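K.L.:
Here you go, one structure.
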Amino acid sequence: MIKKILFILYILILVCMAAASIVEKTEGTDYAHVHYYGAWWFILIWAALAALGIFYLIQRKVKAVSTWALHLSFVIILVGAFITHVNGKQGMMHLRIGEPSDIYFSNNPAEGIQQRKLPFTLSLQKFYIHLYEGTNVVRDYSSQFLVTDHYEMEEAKVSLNKIYTHGSYRFYQASYDEDGMGSVLAINSDPFGIPVTYCGYFLLFASLVWILFDKKGGYRKLLKRSYQQFRNLLIVIFSLVGIGFIFLIYHFSHIDFSTGEHAPILNSPYFCLHVSVIMMSYVLLILTCLCGILGICWRSRQERMRDLSHLFLYPALTTMGFGIFIGAIWANVSWGNYWSWDSKETWALITFMIYAVVVHTQSLPVFRKPLVYHIYITLAFMSIAMTYFGVNNFLTGMHSYA
């Protein structure tokens, strides 16, 4: 009974996220956040899914520590997200040179724009637009201001990808006035949600790697069983993937931003790491799709193709998990919001969850059947196509500027 409810909730949350991304395109971001992503029923589904998932692990008497660590990491991430939803503050603050202010405007879609006060005062001293030498292309924006907190004064500076923290408040460079005499800062205050969420992220990273290298885990057993059979092929493929990853890191770290083709905010070490890891996961998932097609067409080799596909699937899920949540950390550093339900990140999460289904062969024995597995893994590639192409062409979101 628990398994059936879990399955229904899992499908339901996937459908809701997909629907919300489409609604955002037609009705607007605020509408999607109020009626879907921030709605009580959406939060309740996630909470029920997390609680029942843990209960199901207890019921099945799962002993693998790596499995427990992985599932607990998702619970911790959800708890952190809920704390952020309830306790976090976000807004925008407009400063003009020589005009002290402690007023900012919250941008909570559910409450609308509201004026709020900071417990200290900011006074903009200078605003700079930094250009690449010999060009008119913007390299960075920065604001220099004075913070007055009771009788204490402190000079501070923010720029793209460089934040300033005072107490529980963090300030980000968001925009500026055309006359160069004013600056707009994004404000975030989330002293409890972010630490909890980050603990979940790092436990997730550790557990994903742990599952790959756990001697008693399913992946190591599969690798040991299949190594002799696919040794030469695996060496070639993983070598090519590794070389490709190094090439991507090199390529993205040497992008010439002075051409103006890329937004200045992308000039961050997180950019090349996030994109390279995600691209590597896509390559591995393409290989699982090819194995699926071969398995469907080549009936006599279905089991071999399934084993080979699994050898690609586990590291694909690992790299995708890393890529998604490295992106979340980058978003928190650069924009002050680690998860904004942008269409691209929403569909990346949908894709991760769709592919994660087929590794649960103990609780979903139907995927032990090679043909069923191959059909599912082939159809699952549609989510990759939607994430990579569909979002860019049909939906809206922050990732479109890249």
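Placed from the backbone N, Cα and C atoms, the Cβ positions cover glycine too.
Just so it is clear, the model here is predicted, and its values are computed rather than measured.
Annotation comment: TrEMBL describes 36-58, 65-86, 192-213, 233-253, 273-299, 311-331, 346-364, 371-391 as transmembrane segment. Here TrEMBL flags 69-184 as domain 'ResB-like'. For 226-399, the entry in TrEMBL reads domain 'Cytochrome c assembly protein'.
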K.L.:
Just to be sure I understand, if DSSP states are collapsed into helix, strand and coil, how many residues of the domain 'ResB-like' (69-184) fall in each?
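P.N.:
Its residues divide into 19 helix, 73 strand, 24 coil.
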K.L.:
Suppose I define contact as three or more CB-CB distances under 8 A, residues 6 or more apart in sequence; do the transmembrane segment (273-299) and the transmembrane segment (311-331) meet it?
P.N.:
yes
K.L.:
Count the CB pairs under 8 A between the transmembrane segment (65-86) and each of 36-58, 192-213, 346-364, 371-391, then give me the winner.
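P.N.:
Ranked by Cβ pairs under 8 Å, first place goes to 192-213.
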K.L.:
Taking the domain 'Cytochrome c assembly protein' (226-399) alone, what is its mean pLDDT?
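P.N.:
Summing pLDDT over the domain 'Cytochrome c assembly protein' (226-399) and dividing by its length gives 83.
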K.L.:
Under 8 Å between C-beta atoms and at least six residues away from its ends: which parts of the chain pack against the transmembrane segment (346-364)?
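P.N.:
Distant Cβ neighbours of the transmembrane segment (346-364) are 3, 10, 13-14, 17-18, 20-21, 56, 60, 218, 278, 285, 288, 310, 313-314, 316-317, 320-321, 323-324, 327, 373, 376-377, 380, 383-384, 386-387, 390-391.
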K.L.:
Checking distant contacts: for the transmembrane segment (36-58), what same-chain residues at least six beyond its ends satisfy Cβ-Cβ under 8 A?
P.N.:
2-3, 5-6, 9-10, 12-13, 16, 19-20, 23, 67-68, 71-72, 74-75, 78, 82, 85, 109-110, 341, 363
